[in-house]
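Working notes, beginning with the structure itself.
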Amino acid sequence: MPKKKPTPIQLNPAPDGSAVNGTSSAETNLEALQKKLEELELDEQQRKRLEAFLTQKQKVGELKDDDFEKISELGAGNGGVVFKVSHKPSGLVMARKLIHLEIKPAIRNQIIRELQVLHECNSPYIVGFYGAFYSDGEISICMEHMDGGSLDQVLKKAGRIPEQILGKVSIAVIKGLTYLREKHKIMHRDVKPSNILVNSRGEIKLCDFGVSGQLIDSMANSFVGTRSYMSPERLQGTHYSVQSDIWSMGLSLVEMAVGRYPIPPPDAKELELLFGCQVEGDAAETPPRPRTPGRPLSSYGMDSRPPMAIFELLDYIVNEPPPKLPSGVFSLEFQDFVNKCLIKNPAERADLKQLMVHAFIKRSDAEEVDFAGWLCSTIGLNQPSTPTHAASI
């Protein structure tokens, strides 16, 4: 079907001509922004939503600590805490991430400067950015509030996420990664369920990508975790590229489909407990690892084996076969899609262009799925008065 010529995006400058977070000449900025947005292939609904977000954003002005009122905590991780806040001057509800860093003023200023690139990241698949500032030893990053939270939170409520839903997630992640790469020459560097956000309108967006090299370096010492989504080449310290993000997406999809972090892979007994039936396939053939004396049983999922120490886990990712989806419960297309994401050699791993034309993505794109309805019933959210079908995302 031929694509309709997109309607020009309508952005009206803020009436008082005020600067958007320190940027001046609003008129010129808006013209440039309008041009950039018209290059994106947006449908009518996406266009209207981006327009509405950017028009709201113009009312925000300079962000200051005193202008925020805390509503609730949304989550913690990645070196920071995220709060749902009200921005009193504009009345907007935002997500505010606070990152505490002991750093020199010059480094701090560089981080704030580097984060300004986020003002340029306008896509239906990327969380909207209001601005960043420093106050009282903390860097604040203010973003669009996504009322469905992150997919790791959704997974906890859902137990497992259905394949049809993960099809829509895959499309959004691929389009988000493609946008970052093609329009901004940046890779995400941290694709995982907690960095994929969703909302009651059925939107799926990436957040927390590596736009500030200085912030990545400053936070490098704060890595604490029991799971890793990093690719084998990245863990080995060799050169890595956007192919590394594709591995992370594949690993995240297996986790969300099966209902637990997939390393070490579940054995036949655990798969039977997870899916309520006997499951065929390689994922079920892994012999149980010997249990270290005195190590506690894992409370994660239904695995009776001890939790891996982080060095064991990283060694497993680098040296053992990659995770797979068990056969018999998922379509062959989905299994093949995941396998192509989880090839250990990055040169052989599928790239974004190949994944976009994969049979699983083509099928998922054509499917009518009420993503918003599924999300709202799963996590107990009220659906907006005009529900969104993810097919139109």
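Heads up, the Cβ atoms here are built off N, Cα and C, so glycines get one too.
Between the stretches 232-269, 270-307, Swiss-Prot puts its region 'RAF1-binding' entry on 270-307. Which of 1-27, 28-54 counts as region 'Disordered' depends on Swiss-Prot, and there it is 1-27.
Taken residue by residue with DSSP, Gly80 (ATP binding site) is part of a strand. Note: Ala76 (ATP binding site) has non-local neighbours Val82, i.e. same-chain residues 6+ apart with C-beta under 8 A of its own C-beta.
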